[in-house]
Amino acid sequence: MEKFGVHNPATELATVGLGSAASVRYNFSAAALYEESIRRGEAELTAQGALRALTGQHTGRSPRDKFVVRDANTDGEIWWDNNKPLSPEHFALLRADMLAHAAGKDLFVQDLVGGAEEGHALPTRVVTEFAWHSLFIRNLLIRPETAALATFVPKLTIIDLPSFKADPARHGCRTETVIACDLTNGLVLIGGTSYAGEMKKSVFTVLNYLLPAKGVMPMHCSANVGPDGDAAVFFGLSGTGKTTLSADPARTLIGDDEHGWSENGIFNFEGGCYAKTIRLSAEAEPEIYATTQRFGTVLENVVLNEGREPNFDDGSLTENTRCAYPMHFIPNASETGRAGHPKTIIMLTADAFGVMPPIARLTPDQAMYHFLSGYTAKVAGTEKGVVEPEATFSTCFGAPFMPRHPAEYGNLLKDLISRHGVNCWLVNTGWTGGAYGTGKRMPIKATRALLAAALSGELGQVEFRADPNFGFAVPVSVNGVDGGILDPRSTWADKTAYDVQAEKLVSMFIANFAKFEDHVDGGVRDAAPGVKVAAE
């Protein structure tokens, strides 16, 4: 076997059964991985110097093909209602067959770290058969100093072989695509998909399993910090504005997607960003756009024209086009990936029913209720001409990545909020003046003004009213914001229609939360919508 690059000779690939590979390239730089990717026909150079790769059949994650090994250690720890079990016997067969499949191949290795706080960091080795995958994960995770690579010992190993096709009958999986996580032994096997995001989210899943046992809260969120050290966390599902609203030139970006909250404060799990690029423009998101115009960035499934110029408006391959770049490509990004305890938590929702106010203050119990609910709404497909919104509840604002029961994360969050006196706000970036199809999108200018008032502390000093449907506190007036939009009912021409819509949304919340009723205390149960609170 040929070996290239700096690495620890005591932890070579032979130690995990990959000793039959033709060659291994350890910890290659971006420039070297560009050369390998292009030489091997995996990717193309864009006119601006980014690297464009296509993922073929899979242009997004495959959550139905993700499994967790169910063994003596994980049996009582995993939320099996939400995670698919795989027997140790099936995993052993899958591992043996994948290792055999790797024989004779050229492999790429990156030794990286998940977690910017030293005491809670996860040394992670990622083994790939694609050079561009190696660059992708090098961009996304935290890169150790070169000197540290000679003594690097991984606690998690990910083996990603897209050319391997699983056998459902033999391996206990669903299709030829498989993402199998052995949490006990720190091994993730990925086969049958070229979508690079599977590697990133596998690290997140493992951290979401390990950290709560250490009293550390893992979060699917973005985070930033102000000049006075006032950190803020932004929870929210896709399309709610998490990335856009946390990108604030007046504040330092800690990270855009995954963080932990420990006894020392918050810290990024990653060393890069994986941003959506569909309809990306220099005018709307200049910092993200600039990353797509430089060497080192990976563009995933972005259409190029004949001159190799990216066309970010073209979603013909997928709407889920992405770019992956290291954090330092963003001008105001944190160099440490860490900050103190958050002063503010923002929970974002895009309510397409037009019922929720643009901002509401949450008590710790209400914050846990809305965290466990993880609500947003998607608008129906225009091809069917349907204008009825579809409610989406993804617990902890990231159900696919949460191995443990949501109540574990919820109780941890509630405790941290109470202990550190964090101000919590629910922000609706969805519709006002009616539901989707009748109303209009919440003005981004108003959202930013409300957010600025919340982060500065100004919003805590205004007069509030209790929302008659959800019970949370809603500001009556805020400087610089049209007071009319603060009361959603008043923005509807047909008040009766609003009441009907509100009752419908409340009933959806109650039905969704039923599965958590037995796992929370009375205070959280009383935070449910429909529980009327005195108005003033």
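Each residue, glycine too, has its Cβ placed from N, Cα and C.
Summary of the site annotation: Swiss-Prot records Mn(2+) binding at HIS220, ASP257. Screening the candidates LYS201, LYS214 against this entry identifies LYS201 as the one listed for that site.
Substrate is bound by TYR195, LYS201, ARG322 in Swiss-Prot, and the record lists one more residue there from ARG61, ARG64, ARG70, ARG448, which is ARG61. Reported as a whole number, the C-alpha separation between SER238 (ATP binding site) and ASP257 (Mn(2+) binding site) equals 11 Å. With the fewest other Cβ atoms inside 10 Å of its Cβ, the least crowded of the binding-site residues SER238, THR240, THR244 in this structure is SER238.
For the binding-site residues LYS201, HIS220, the largest tally of other C-beta atoms within 10 A is found at HIS220. The binding-site residues close to HIS220 (Mn(2+) binding site), defined as a CA atom within 10 A of its CA, are GLY236 out of ARG61, TYR195, GLY236, THR240, THR244, ARG322. For GLY236 (ATP binding site), the number of other Cβ atoms no farther than 10 Å from its own Cβ, over all displayed protein chains, is 25.
Counting in whole angstrom, GLY236 (ATP binding site) lies 23 from TYR195 (substrate binding site) by their C-alpha atoms. Annotated substrate site ARG61, TYR195, LYS201, ARG322; additional same-chain residues within 8 Å of its Cβ mean position, judged by their own Cβ, are GLY60, ALA196, GLY197, GLU198, LYS200, TYR274, ASN320.
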